[in-house]
Amino acid sequence: MKKLIVLVMAFVSVFLLADNQLANLRGDTPLDAEAEPPKMQAVENNDLKRERAYPQQAPTIPHDISGYQVDLNFNRCLACHSRKKADEAQAPMVSITHYMNREGQFLVDVSPRRFFCTQCHVTQQEVNPLIENTFVDMDTLVKGEE
Ligand code: HEC
Ligand code: HEC
């Protein structure tokens, strides 16, 4: 009897879910079908800083990075963004936080925690968001409360 109730509940919840779909990247494509991927857009390459959505945000990358090697042997990003190369490349030096270990002590070089740049820094594309985003900027939030 218990098993039957569980089964009925499972069916009901499937119907409820089907009726009230959560937004997802598949859109209306059924589970057993392959969705048509959106066309690849060119990566933003205008050298212009974007506004950060909040103070701690890792700045987005305003230039193309295709083909840049970042692995155990070499870090192409540091060839321009390290302290030693920033003047030559006229690139902003990596943030001082990138030299800190987890105890907050400064190291002579970029900390291993900050080595794989694209874990946090990403390029941008001019596309419509695949899923509606309800993010509200802090200033807008504070204004709303006043
Ligand atoms: C050939 C030199 C060069 C290389 C290689 C390079 N950058 Fe840059 N980067 C720059 C310069 C110069 C700027 C300043 C804006 C501009 O001119 O694009 C910049 C800007 C940035 C910014 C914006 C900083 C801010 O304050 O808004 C980020 C983030 C960044 N780069 C990340 C990266 C990452 C991650 C890589 C490796 C995948 C990388 N860069 C590789 C030269 C370089
Ligand atoms: C774990 C996340 C993380 C990784 C990995 C990381 N960054 Fe950052 N980066 C940030 C954040 C967050 C900020 C902004 C806050 C700050 O300054 O720490 C930032 C700031 C920067 C800035 C702006 C500095 C300035 O003064 O305007 C540059 C340039 C940058 N990072 C480049 C890099 C490069 C190059 C690498 C790889 C060697 C890298 N970052 C790896 C999170 C990261």
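Including glycine, each Cβ sits where the backbone N, Cα and C put it.
Automatic, uncurated: that is what TrEMBL annotation is.
Feature annotation from TrEMBL assigns signal peptide to 1-18. The heme c 1 binding site annotation in TrEMBL covers HIS63, CYS77, CYS80, HIS81. The heme c 2 binding site annotation in TrEMBL covers HIS98, CYS117, CYS120, HIS121.
Features recorded in TrEMBL, as mapped to the structure shown.
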{"residue": "HIS63", "record": "heme c 1 binding site", "Cβ within 10 Å": "14"}
{"residue": "CYS77", "record": "heme c 1 binding site", "Cβ within 10 Å": "22"}
{"residue": "CYS80", "record": "heme c 1 binding site", "Cβ within 10 Å": "17"}
{"residue": "HIS81", "record": "heme c 1 binding site", "Cβ within 10 Å": "20"}
{"residue": "HIS98", "record": "heme c 2 binding site", "Cβ within 10 Å": "20"}
{"residue": "CYS117", "record": "heme c 2 binding site", "Cβ within 10 Å": "21"}
{"residue": "CYS120", "record": "heme c 2 binding site", "Cβ within 10 Å": "11"}
{"residue": "HIS121", "record": "heme c 2 binding site", "Cβ within 10 Å": "15"}
**Complete:** Those same-chain residues, other than HIS63, CYS77, CYS80, HIS81, found with Cβ within 8 Å of the centroid of the heme c 1-site Cβ atoms are ILE61, ILE65, TYR68, ARG76, LEU78, ALA79, ALA89, ALA91
**Item:** Residues flanking the heme c 2 site, with Cβ no more than 8 Å from the Cβ centroid of HIS98, CYS117, CYS120, HIS121 and excluding those residues themselves
**Value:** ALA58, CYS77, VAL94, ARG114, PHE116, THR118, GLN119
**Filtered binding-site residues, from HIS63, HIS98, CYS120, whose Cβ is under 6 Å from an atom of ligand 1** = HIS63
**Binding residues HIS98, CYS117, CYS120, HIS121 (heme c 2) - maximum C-alpha distance in whole Å** = 13
**Request:** Out of the binding-site residues CYS77, CYS80, HIS81, give me the one sitting nearest to CYS117 (heme c 2 binding site) by CA distance.
**Result:** CYS77
**Message:** Cα-Cα, whole number of Å: HIS121 (heme c 2 binding site) versus CYS77 (heme c 1 binding site)?
**Reply:** 11
**Request:** Write down the Cα-Cα distance for HIS98 (heme c 2 binding site) and HIS81 (heme c 1 binding site), rounded and given in Å.
**Result:** 11
**Prompt:** Any idea what the Cα distance is from CYS120 (heme c 2 binding site) over to CYS77 (heme c 1 binding site), rounded to a whole Å?
**Reply:** 13
